[in-house]
Amino acid sequence: MKAILLVLLCAFAATNADTLCIGYHANNSTDTVDTVLEKNVTVTHSVNLLEDRHNGKLCKLGGIAPLHLGKCNIAGWLLGNPECELLLTVSSWSYIVETSNSDNGTCYPGDFINYEELREQLSSVSSFERFEIFPKTSSWPNHETNRGVTAACPYAGANSFYRNLIWLVKKESSYPKLSKSYVNNKGKEVLVLWGIHHPPTSTDQQSLYQNADAYVFVGSSKYNRKFKPEIAARPKVRGQAGRMNYYWTLIEPGDTITFEATGNLVVPRYAFAMNRGSGSGIIISDAPVHDCNTKCQTPKGAINTSLPFQNIHPVTIGECPKYVKSTKLRMATGLRNIPSIQSRGLFGAIAGFIEGGWTGMIDGWYGYHHQNGQGSGYAADQKSTQNAIDGITNKVNSVIEKMNMQFTAVGKEFNNLEKRIENLNKKVDDGFLDVWTYNAELLVLLENERTLDFHDSNVKNLYEKVRSQLRNNAKEIGNGCFEFYHKCDDTCMESVKNGTYDYPKYSEESKLNREEIDGVKLESTRVYQILAIYSTVASSLVLLVSLGAISFWMCSNGSLQCRICI
């Protein structure tokens with residue numbers, strides 16, 4: 001009876017002891033992140049670094065509308081294709097849009113020389129001044145300026161020609177040598193375009209230019225070239241057996257360009273004084289134009305985001321996130337989200353010694369749960385929580401700032417004869433994308449690992465802070481909790497939390513209670529030992545008596561014969 005009472009007293013004392021536990025926050029978040037060692041780790045808080053949404057619209061960029069070429073392309077717009085006449089008055093834009101069916105380009109068949117390079121030059125131009133470089137009415141008095149029209153470039157049902165060029169032909173029966181120069185006094189680069197006509201027969205050559213052995217020379221300080229017409233029969237394209245090649249050059253401020261010819265020259269009428277600006281570009285898109293504004297435009301739609309990465313489209317214009325191939329880039333800011341299992345108690349393992357988080361603690365990441373004679377409750381440790389928030393916020397901002405390199409990434413243009421270069425370029429671009437994607441994913445994996453380890457370390461530090469104060473005034477239960485050897489009211493609990501716990505004040509009471517509990521345990525252990533001895537002896541006696549009774553019964557009924565020899 002004494003042993004039973006001692007055991008009950010010990011259990012009752014343990015049940016009513018004041019306790020203080022260290023724990024961490026948990027919530028109903030389903031956010032998951034990946035680390036170097038784990039995938040799909042559920043965390044309490046995280047931030048997304050990857051933008052995957054767009055509005056499906058072509059918007060103004062920085063308040064400036066794009067130039068939508070409609071059914072025209074760059075060549076048709078700059079040459080002045082009659083089908084592109086509505087574009088002639090446009091002088092500024094944020095970016096240029098071609099569509100998948102922008103077919104109105106060079107109406108008279110021929111090659112546009114270095115067309116891809118011209119597109120590249122225009123990708124950095126945000127406006128230009130279209131001006132008459134050689135006035136039609138006064139520049140060519142000895143040549144015909146109105147007969148140079150063709151059925152290949154119709155307008156309103158009649159033969160016509162490019163609005164920015166003049167097709168000079170002989171006047172009456174003469175095509176005298178022409179020489180005309182322009183000095184660039186615009187203070188900026190001037191884009192000049194011209195053409196060279198190649199008739200199909202010598203008869204056409206004489207009919208148009210009179211001179212059988214004609215030539216064209218175009219020269220500036222950086223451009224010098226002499227052209228000879230290539231007279232040859234060719235298959236008809238758009239009803240034309242002849243061909244017309246188109247050329248361009250940029251004239252620097254103060255430089256002079258000179259045209260000299262005895263035939264076959266398509267002279268410039270209008271030129272373009274260009275204003276270069278960052279953020280412009282050319283995209284191919286069938287998305288509709290809307291009255292909206294954005295800082296980043298892709299062919300699929302506008303992106304309004306401050307995130308450092310996007311997986312929408314590799315071609316971007318404006319202040320845009322870096323394109324990566326990733327489908328998920330989420331950075332942990334909070335802790336592992338492991339709500340405690342109620343059937344196993346309130347506490348339990350982060351950092352190896354706490355099994356689950358507390359959904360009841362909502363005002364911090366780390367904190368305490370106490371239980372004493374005055375009740376129980378949660379309290380966050382504001383200092384460690386705030387330090388952690390500041391540190392992680394600074395880290396996230398630093399990562400975003402370093403990776404958030406806003407820039408324009410326009411597509412590159414190659415002609416049909418440059419497929420090898422185009423394929424090589426695609427491989428190089430894909431290689432860069434793979435490297436960027438790998439770097440972004442590795443960065444997030446490493447930072448997530450560090451963040452979760454950082455939280456574990458903070459919980460451990462909080463635990464050690466309490467343990468170093470309590471010393472032997474309390475015992476460690478082993479699940480993140482301490483059981484006091486003395487009464488600890490709310491004031492006492494608060495002193496432990498804020499680091500002002502008075503160890504000497506409670507040490508005497510703790511010593512007495514500790515010795516009493518240890519004595520009870522020792523006495524109960526001795527009683528258990530005595531009971532074990534008594535039980536063993538009693539069991540042995542019962543076994544011997546049973547064996548004797550069985551032997552006597554078997555001897556009496558003859559089943560067992562006993563002989564005693566003297």
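Any Cβ shown, glycine's included, is placed from N, Cα and C.
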Candidates CYS153, CYS320; Swiss-Prot says the disulfide mate of CYS296 is CYS320
Kindly assign ASN498 (N-linked glycosylation site) to one of the three DSSP-derived states: helix, strand or coil.
helix
Across all chains shown, how many C-beta atoms besides its own are within 10 angstroms of the C-beta of ASN498 (N-linked glycosylation site)?
10
Closest of the recorded positions to ASN304 (N-linked glycosylation site), Cα to Cα, picking from ASN27, ASN40, CYS292, CYS320, ASN498?
CYS320
Can you tell me the mean pLDDT for the topological domain 'Extracellular' (18-529)?
87
Using DSSP reduced to three states, classify ASN104 (N-linked glycosylation site) as helix, strand or coil.
strand
Tell me the coarse DSSP state (helix, strand, coil) of CYS292 (disulfide bond).
strand
Any idea what the Cα distance is from CYS320 (disulfide bond) over to CYS59 (disulfide bond), rounded to a whole Å?
14
